[in-house]
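J.: Checked TrEMBL, it gives:
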- 23-279: domain 'G-protein coupled receptors family 1 profile' (DOMAIN)
- 6-31: transmembrane segment (TRANSMEM)
- 43-67: transmembrane segment (TRANSMEM)
- 87-111: transmembrane segment (TRANSMEM)
- 123-148: transmembrane segment (TRANSMEM)
- 168-192: transmembrane segment (TRANSMEM)
- 228-252: transmembrane segment (TRANSMEM)
- 264-281: transmembrane segment (TRANSMEM)
Amino acid sequence: MSITGLYLEAGILTLIAIVALTGNVSLYLIVFRSRSLQKNSNYFTLNLALADILVSLVNMPVTVYTIIQNQWTLGEVACQALGFVNILSFISSVLSLALIAINRLFFVVYWKDYKRYFRPRRVKFYIFLTWLIALLLSMPPLLGWASFGYVPGKSYCFVIWRENASFAYFMVLVCFFGPLITMGFCYSRILWFTKNAKRKIQNEMSKSTRNCIFRNVSPEESRITNTLLIVLGAFIACWLPFAITMFLDIYYPHRLPRWIDMGSLMLGYINSLCNPIIYSVRNTQFRKAFMELYALCGIKWFKRNRAAVVVSSARQETEESSVNRRQSKSLEVA
């Protein structure tokens with residue numbers, strides 16, 4: 001590949017890394033600055049952001065350096081370490097998404113048991129458990145099942161799939177589709193519940209019970225669920241091409257073109273910057289907090305537009321509250 005092409009790849013990836021790191025670190029700052037954002041669902045979101053920060057701080061910079069060098073120059077130990085971190089960050093991301101979906105399922109559908117299963121101490125344990133499982137699932141290549149090596153088409157170290165087909169199937173079935181099936185079940189159950197709940201509320205349930213359920217199927221909660229579905233969709237769209245190249249590496253007799261190899265990797269990396277953007281667009285609280293944070297940092301555009309965002313957020317919250325009150329009154333009449 002030409003020098004110009006390599007520097008173009010390195011430049012694009014550097015930009016992705018900067019935006020991803022800034023966005024995900026900002027998520028931590030705004031959650032810990034705002035008490036209203038300090039809740040279980042956002043702690044799980046921060047767990048996902050931690051995996052993206054790891055990618056932005058380790059995976060992407062090393063890939064940029066290797067692209068510029070056009071070869072691996074960091075030694076075998078570093079290659080093994082980077083391969084391990086690559087798998088760890090991917091598995092922790094998909095497990096975090098599954099945990100977010102399970103949390104949402106209990107909050108909306110099994111709301112009577114939510115506080116029992118999602119106490120603060122248990123939330124911390126669940127987050128620890130995702131990283132422990134990710135750590136264990138990332139170990140096999142270091143223990144003899146599969147092996148890490150330099151992948152020239154992607155300019156980084158990862159599992160050499162052609163030599164380790166069984167581990168490729170394990171990764172895709174257990175570490176990718178397993179959590180995706182869990183998420184699919186959770187969100188389909190949530191959507192079915194919210195679709196049928198309001199009809200059943202009016203016809204079959206006591207006032208106290210239907211008011212509890214109403215809070216979990218309100219427009220605001222539906223919007224949160226839809227936002228999480230968008231986050232999941234972005235993850236699948238960004239990482240599915242990478243999973244496909246895994247099997248192409250195994251069964252395609254020739255080396256894949258550079259644009260396919262590097263394109264699938266960059267698309268996966270892009271996922272690390274998606275979540276802060278999605279939350280800032282879809283969630284009024286996050287959008288307002290982002291604007292306030294960047295305004296405090298002295299960024300002029302955010303200073304000029306902060307007032308407009310606050311007014312827009314307040315208007316949307318007022319409209320949602322109005323809808324909630326009207327629906328609540330209709331339930332009370334029923």
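Glycine residues also receive a Cβ, built from the backbone N, Cα and C atoms like all the rest.
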J.: Counting only residues 6+ away from its ends, which parts of the chain sit with a Cβ under 8 Å from the transmembrane segment (168-192)?
T.: 87, 90-91, 94-95, 97-98, 101-102, 104-105, 108-109, 137, 140, 159, 161, 225, 228-229, 232, 236, 239, 243, 246-247, 250
J.: So what pLDDT does the domain 'G-protein coupled receptors family 1 profile' (23-279) average out to?
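T.: Mean per-residue confidence for the domain 'G-protein coupled receptors family 1 profile' (23-279): 87 out of 100.
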J.: Apart from its near flanks, which chain residues at least 6 from the ends of the transmembrane segment (43-67) lie with a Cβ under 8 angstroms of it?
T.: 6, 9-10, 13-14, 16-17, 20-21, 24-25, 27-28, 31, 73-74, 82, 85-86, 88-89, 92-93, 96-97, 99-100, 103, 123, 126-127, 130, 154-156, 265, 269, 271-273, 275-276, 279
J.: Where, among 87-111, 123-148, 264-281, do we find the most CB pairs under 8 A to the transmembrane segment (6-31)?
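T.: Between the candidates 87-111, 123-148, 264-281, the best contact partner of the transmembrane segment (6-31) is 264-281.
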J.: Is the transmembrane segment (264-281) packed against any residues at least 6 beyond its ends, judged by a Cβ distance under 8 Å, and which are they?
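T.: Same-chain contacts beyond the flanks: 9, 12-13, 16-17, 19-20, 23-24, 26-27, 45, 48-49, 52, 55-56, 59-60, 63, 90, 93, 154, 156, 227, 230-231, 234-235, 237-239, 241-242, 244-245, 287, 290.
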